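According to TrEMBL, the protein has these features:
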- A:12-33: transmembrane segment (TRANSMEM)
- A:45-68: transmembrane segment (TRANSMEM)
- A:80-103: transmembrane segment (TRANSMEM)
- A:110-130: transmembrane segment (TRANSMEM)
- A:176-196: transmembrane segment (TRANSMEM)
- A:217-241: transmembrane segment (TRANSMEM)
- A:261-282: transmembrane segment (TRANSMEM)
- A:294-314: transmembrane segment (TRANSMEM)
Amino acid sequence: MPDQLLFAMEVTLNGLMAGVLYALVALGFVLIFKASGIFNYAQGVMALFAALTLVGLQEGQIPFAHLINAILGTDLHHFGWHLTAIVAIVLTIGVMVLLAILVERIVLRHLVNQEPIILFMATIGLAYFLEGLGDLMWGSDIKKLDVGLPQGISETIDTATFNWFGYGFFIDKLDIFATVIAALLVIGLTLFSQYSKQGRALRAVADDHQAALSVGISLRFIWVLVWSIAGFVALVAGIMWGAKSGVQFSLSLIALKALPVLMLGGFTSIPGAIVGGLIIGVGEKLFEFAIGPMVGGATENWFAYVLALLFLVFRPQGLFGEKIIERV
Amino acid sequence: MLYREAGDFNTSYKQDGQTFPIRFDRYRYYAVLAVAFGVIPFIINDYWANAVFVPFLIYAIAAIGLNILTGYCGQVSLGTGGFMAVGAYACYKLMTGFPDVSIVIHVILSGGITAAVGVLFGLPSLRIKGFYLAVATLAAQFFLVWLFNKVPWFYNYSASGQINAPERSVFGIIVTGPNTEAWAKYMICLVFVVACAWIARNLTRGASGRRWMAIRDMDIAAEIIGVNPLGAKLTAFAVSSFFIGIAGALFFAVYLGAVEVGEAFGINKSFLVLFMIIIGGLGSIFGSFAGAAFMVLLPVLLKNVLVGGLGWATDLAAHLEFMIVGGLIVMFLIVEPHGLAQLWRLTKEKLRLWPFPH
């Protein structure tokens, strides 16, 4: 096979892997949107916050150390312990559940029956708040996240493909790992929502709030549950992205990348989020590879949005979204 | 006692339909204008102009623009930063291309160019609604910023990729470039603000404003009673982008002087202006001013208190500012979804009955 084609294939594979990571973030959006009709802009910041908390707990940092130092004039930094990855992850899940409860108590409860756009803007406010809180708690320097995930180029694939095609594919082990995790997560979530009692309640709420309330489903509990799950998904996404490129502010920007993914897949479909993520991931890598050099590169910044925009003009509900029926 | 309609007799339709029907309101408005034009220019210094007044005035124009689109016509846009960049770069190209033409004309023309770009990106709004549209406007934001970064023609092939405002004057007074006096900056922004607010106020209470509001309240119903959604949505995009373009041009030419597009007109600018109109009040011209004032003053105040007063590190203050801004937005949406403008309306209602509320 010609080199160009093989190279394009490698780009496609890497795009697929990047797409999986986008899909991970998009998954959190879909969960919350389905259950509460809220478009949770804070999902990306939740990933950042989760990753920051994980690193902070693991390193034994004292929360708000900078703030305390500034007020009391002390010089605190660390508790002086190092937690193992699994303990830190469990603790972080606890923090995310707590966050879900607080969000329901303080924000959502008071905004019931508001227009969707008001709720959307409230989550933008929440995103800003969490961003400030995360930095205030754990400091804003770039952190290294290390929970023992495989890193580096997979040599098996490199040699195997070299033997087949005479050209070695460079694929990050972490990407493969992320793909597996994402697949497990989707299967798990599907099973949960299809076969468990809570999952059924969740689908009932997504279908019709009032009808769900009238058969005795607690809306508040479902909201806390779904925000907790979204927090968990955010943690997984935060770990993957954090291990890839360090825990830093730009992590929260992946939320913006997840938006076109959602538009493409439809806001209400879990498979849609995955397929949309893959299309965006492959699309932007291939576009950058084929067209990028002609127009000066860095097309990844906008390609996803323009693709989603053009796509929506022809299919306003996305690939797998429910058909929008409007009545006066 | 003063705030009454009593004794204020309208003898013509013109009087009945005026913007400020209550006499006290009218005088207050004239008083504010008199102070803004007659007092502040003489006492303003560089710090106050650069930290408070000039950004406030420019953001007020941008907020009015976005408020027309989002508050009046109901189309949420996250592309404000991109459209401001269009205004800034249009102004730069015009300033360097036609040095003999007045800067005022350049600013207005850049508003017009931005309006054309706005209409282009507004076209999908006919098919896409709500969140989908909000995300679609992100396409404008990222694409435009990328375009101005990557196509050297826009920044006249300068090595740094920045654009710098050359020195221009109005009536012999320098208004752009590094040698501008504080009061000159303030005055040119003020003139544009007053003109824009006047146009916006009159547009929104006229036929086009009613069309926008009908579309906002329910577009299908509006279509059935004879509002052309194509016309209404696209005029909203055009007018909104026109104001935002003017704000962008002033932001670059008068306020900053030198601009790097990703830094000055990034996605954060879009959110900043969006917050202004949420906090100020959607669908209110006064709200645009109130929101702009709030969002400009808050960081200045926090910085003075935390960094100047308590001696904290600036990054700490910045993080706290994020938390406070986010918290305030959530709080405003819970307590008063219609923003500062609604509080102002309530105050006025109370004042009319004061001191005998029953």
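Glycine too: its Cβ is placed from the backbone N, Cα and C atoms.
The model shown is predicted, which means the values in this text are computed figures rather than measured ones.
Spatially, the transmembrane segment (A:176-196) is not adjacent to the transmembrane segment (A:294-314); fewer than three Cβ-Cβ distances between them are under 8 Å for residues at least 6 apart in sequence.
Beyond its flanks by at least six residues, the transmembrane segment (A:80-103) meets 46, 49-50, 53-54, 57-60, 126, 146-148, 224-225, 227-228, 230-232, 234-235, 239 of its own chain at Cβ-Cβ distances under 8 Å.
Among residues of the same chain six or more beyond the transmembrane segment (A:45-68), those with a C-beta under 8 A of the stretch's C-beta atoms are 25, 28, 74, 76-83, 85, 88-89, 91-92, 95-96, 99, 126-127, 130-131, 133-139, 143-145, 147, 230-231, 234-235, 237-239, 241-242, 247, 249, 251-252, 254-255.
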